[in-house]
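Okay, so here's the structure we're looking at.
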Amino acid sequence: MGAVLGLFSAAQLACCCGSAACSLCTACPACRNSTSTRIMYAVMLLLGTVVGCIMLAPGLQDDLKKVPFCKGGIVSSGPDCQSAVGYLAVYRLCFALTMFYALMSLIMLGVKSSKDPRAGIQNGFWGLKYLVVIAIAVGAFYIPEDSSFATTWLYFGMIGGFLFIIIQLILIIDFAHSWAERWVGRYEETESKWWYVALLSATAIMYIASITGIVLLYVFYSSPGDCSLQKFFISFILILAVGVSTVSIIPSVQERQPRSGLLQSSVVTLYTVYLTWSALSSSSDTQCKPNIFGPSDGSKVGFDQQAIIGLIIWMCCILYSSIRSASSSSKITMSEHVLVKDGGERGGLTEDSGKGGQKVWDNEDDGVAYSWSFFHLTFCFSTLYIMMTLTNWFQPNSSLATFSSNDASMWVKVISSWMCMGLYLWTLIAPVVLPNREFN
């Protein structure tokens, strides 16, 4: 961790650390202070995730058994602490990151512009921030496991993970709308058949992947035994997918949203199929799920295929929220509360200022481009979500042999998939049912 931090501090992320560091890197592209700051916090979270993945590496489990928190020996009536040491170490690492982002969220309450004295804390002191996270993590490693720390922290992880899934849903829906708007706009401007072919191809590929996924879910998760609950989950998400796809192309919706269509529906459908698969994989009913997923040895920590896909989607959403600016579709998708509002003039930067001009300019003099407090709260939830994903929603008071069987996490993911369909449906019908309200 120290080596990674030292290397990172030396590079300073190619000028995105702030104005002072940027003046030393004249070759770097210019960017807004609001964007560079968000990228820096995202990098901090990504580095924490990498460290968490390293803690789950099989070769490190013997070394991790020497950590202070395992001296109690047991995990609150669950497995031996040393058997689950990787998961418990991830819990403590994510505890440190969560506490850091929660503290930053409280400090940044009520900030209106970069003229606030707290702006320096938000946009600088990066080395000190890493030291704070490391200090909290070191302290967390001394919390004995026989104090039921992991069992208690699990409930915070479940709640925070669920809340981040909702935010992730909003970002994915915004991405779907933005993607469709851009490609449809290019097609209308150029009338090129290639844009039309690209639209059809992308839509077809995602629908084919969704249909394939649903068929595989029926084959692997509903064939043995009764499995009526699993069949209901799969059938219900299929009905919802057909429903929202139909609504997206009805005349009244098309009249209010001409660029709405099947491309957005295919993105949302594919994501909800993934959520359903992830939910079914978390079921405690071993008769209704295959044994081809997950670590081959149930007595060892690790994370399975659906967790890896979850990490990839999470990383894309974090990066998307860090660099994406709010657009005309952001109001209807409610992502305007998460994304940066595009604005702010370039200060201290001209075409000829390559030798000494600012590479990062302050675009928040007149007002913040996003809620600094809510941004940190979002990352707080994101850390809890990544904790649950890395540990396969592991229950500390359960056996490692059934580490991925957690009915609570199954319901969290199932309800999230339904909420995703509901949120997307609202973005389609809101302009119709509320014709007097401006959504652009």
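Even glycines carry a Cβ here, placed using N, Cα and C.
Feature annotation from TrEMBL assigns transmembrane segment to 6-27, 39-57, 89-111, 123-143, 155-173, 194-220, 232-250, 262-280, 305-323, 374-394, 414-434.
A contact between the transmembrane segment (262-280) and the transmembrane segment (89-111) is absent, since fewer than 3 of their C-beta pairs, 6 or more residues apart, lie under 8 Å. Of the Cβ pairs linking the transmembrane segment (155-173) with the transmembrane segment (39-57) and spaced 6 or more residues apart, fewer than 3 are under 8 Å, so the two regions do not touch.
Highlighted: of the candidate stretches 123-143, 232-250, 414-434, 232-250 has the greatest count of Cβ pairs under 8 Å to the transmembrane segment (194-220). Among residues of the same chain six or more beyond the transmembrane segment (232-250), those with a C-beta under 8 A of the stretch's C-beta atoms are 210, 214, 217-218, 221-222, 260-262, 264-266, 268-269, 272-273, 276, 279-280, 414, 417-418, 421, 424-425, 428-429.
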